[in-house]
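One structure below.
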Amino acid sequence: MTQTRSFLLIAWLFVAALLWMEWGKAPADAAPGAVTTSATAPAAPVPGAPGVPAAPSSPGQPPAPGTAPSAVAQPITIENDVLRLTVDLNGGRLTDSHLLKYTVEKKAGSPSVALLSSEPGRYFTADAGLYNQDRSRKLDEHFTTENGATQFQIPAGAASLVVPLTWVDAQTGLTVRRTLTLDRGSYVLKLSDTVSNGGTSAQQVYPYVSLDRVAPPAPPKHSFMTNPETFSFVGAAWYSPEEKYEKAKLAKFDSDKPPTGDIAGGWIAMLQHHFVTAWVPNEKEVQRFSTQTSAHNGAALYEIQSIGAPLAIAPGASATHDSRLWVGPKLQAPLEKLAPTLKLSVDYGIFTVISQPLFWLLSWLHTLLGNWGWAIIAIVVLLKAALYPLSAKQYKSMAKMRAVMPRIEALKERYGDDRQAFAMAQMDLYKKEGVNPIGGCLPMLIPIPIFLGLYWVLLETVELRHAPWIGWIQNLTDADPYFVLPALNLLVMFLTQKLTPTPGMDPMQKKMMQFMPLVFGVMMAFFPSGLVLYWVTNGALGLLQQWWMTKQHGPNTPATSDKKPVIAKR
């Protein structure tokens with residue numbers, strides 16, 4: 001019953017983990033008209049440290065009075081080989097994005113994944129720019145492009161695409177020259193603002209970056225809680241060297257706040273399943289983080305913002321502020337290259353200690369084998385090889401137990417309802433024949449945390465998203481479409497059950513346990529196929545080991561003594 005007992009323990013742990021995540025999941029958004037507004041007020045400027053302003057009004061509000069509205073300009077698109085971005089020239093906000101290498105579903109005609117979106121029900125934008133000296137309005141109100149161009153695509157053979165934008169503030173004499181840079185194959189948008197003072201008086205500006213979104217549409221609740229979209233984290237995250245990595249669910253945006261002090265070397269982000277959008281300010285510049293909730297078209301709008309220290313610009317002088325924006329999948333190596341701690345956005349939760357090393361090993365095996373499915377199988381083979389000495393003892397003990405089963409049945413008949421006497425006689429028999437009924441626990445338990453850790457790797461790791469194995473398995477993160485692997489797993493569990501002795505189990509328990517492979521076989525039909533592949537491979541190799549040991553030490557191998565132990569009845 002090793003395989004079945006393992007599954008019982010896995011099921012208990014798995015359901016407990018899912019219930020824990022379901023309990024902590026964000027509730028539905030507040031109804032329109034009941035949206036609250038709350039902001040973290042930055043602490044007062046620290047003597048000797050750069051002063052940082054209070055959070056400006058939410059991006060959904062109009063500019064302060066006295067600012068003449070600009071003519072509506074046509075949005076522009078900038079595109080490399082993996083990413084297409086749309087920029088609204090009225091304000092410089094990034095309103096839409098398309099990940100050209102990732103589709104919503106793995107089928108012909110499926111649209112590309114869109115993180116940023118101007119659609120009301122999916123509204124999610126990224127903004128960056130400068131506030132003026134008294135922080136009453138933005139300076140980047142109306143940009144223009146060279147020759148009025150609106151479409152920018154990286155040229156064939158070029159390493160980078162550079163798009164210059166310009167805006168002149170007639171009121172202050174300031175000129176903002178913004179440069180947007182996309183490198184080939186990169187999900188990083190490099191943004192640089194150079195502010196020149198053409199006026200006669202000194203000016204001061206405040207750089208900022210922000211992310212604003214509404215809650216995404218609720219995913220369909222199916223697959224018996226195994227649909228990852230129903231419990232994957234959606235919300236804000238930030239990093240500071242002092243407070244480290246923290247997250248805020250959308251439902252707790254007004255209570256879970258970032259630190260209020262000066263921060264250098266941090267970042268802000270919005271997370272969702274498999275993808276992340278993150279601003280990484282210049283690590284040498286001091287920032288202040290804040291979050292606030294407002295309203296957008298009747299829905300709650302969640303904003304996380306980073307405001308930099310003021311830039312003082314004398315007449316005839318200029319100042320430059322740089323930021324980088326990641327809009328893309330949670331690819332751990334590129335994220336770490338952009339900011340070492342940004343890889344923390346790939347969050348395995350309480351299973352990180354297992355899932356992270358498991359992903360590293362899987363990645364290494366993938367580089368050797370070129371296929372994630374074969375890498376999963378290789379993980380099982382390596383695990384079985386490492387545990388073979390322990391497994392050999394386990395299966396040898398089980399084989400010996402099968403050999404003494406007739407004598408155990410005789411003891412049950414002899415002692416009848418005297419369970420204490422039967423237990424003593426049974427343990428004496430085990431000791432005499434060298435049978436250790438719990439000797440195989442370690443080989444049975446070790447695959448379980450790996451099973452759970454692998455589930456979270458399949459859940460969170462975008463590298464495995466839509467990854468094929470062979471034939472009918474074209475997506476290891478989805479269930480087997482033809483239930484072949486669950487059927488094989490059911491067969492393996494049934495055969496393992498037949499080979500496993502069940503000493504001391506009454507007939508009713510035996511009948512109940514006979515149905516357990518069917519129960520877990522049905523449950524496995526809704527699990528990711530990569531997870532079922534791991535478990536069926538683990539079970540099949542274990543079955544072969546158990547069959548071999550049974551053949552070597554099974555019923556045909558006589559016990560050391562056929563004499564029944566004599567224990568007086570009490």
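Any Cβ shown, glycine's included, is placed from N, Cα and C.
Positions annotated as domain 'Membrane insertase YidC N-terminal' by TrEMBL: 76-361. Mean pLDDT for the domain 'Membrane insertase YidC N-terminal' (76-361) in the predicted structure: 92.
Under the heading domain 'Membrane insertase YidC/Oxa/ALB C-terminal', TrEMBL lists 372-551.
Per TrEMBL, region 'Disordered' is recorded for 38-71.
Same-chain residues lying 6+ beyond the ends of the transmembrane segment (372-392) with a Cβ under 8 Å from its Cβ atoms: 358, 361-362, 365-366, 440, 442-443, 446-447, 450, 454, 463-464, 467-470, 473, 476, 530, 533-534, 537-538, 541-542, 545, 549. Taken from TrEMBL, the feature transmembrane segment applies to 372-392 (among others).
Taken from TrEMBL, the feature transmembrane segment applies to 434-459 (among others).
The transmembrane segment feature in TrEMBL is assigned to 479-495 (among others).
Sequence annotations record features per position, and here TrEMBL assigns transmembrane segment to 515-536 (among others).
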If we skip the immediate neighbours and take only residues 6+ beyond the ends of the transmembrane segment (515-536), which ones have a Cβ under 8 Å from one of its Cβ atoms?
4, 7-8, 11, 223-224, 226, 372-373, 376-377, 379-380, 450-451, 454-455, 458-459, 464, 467, 469, 473, 475-480, 483, 485-490, 492-494, 497
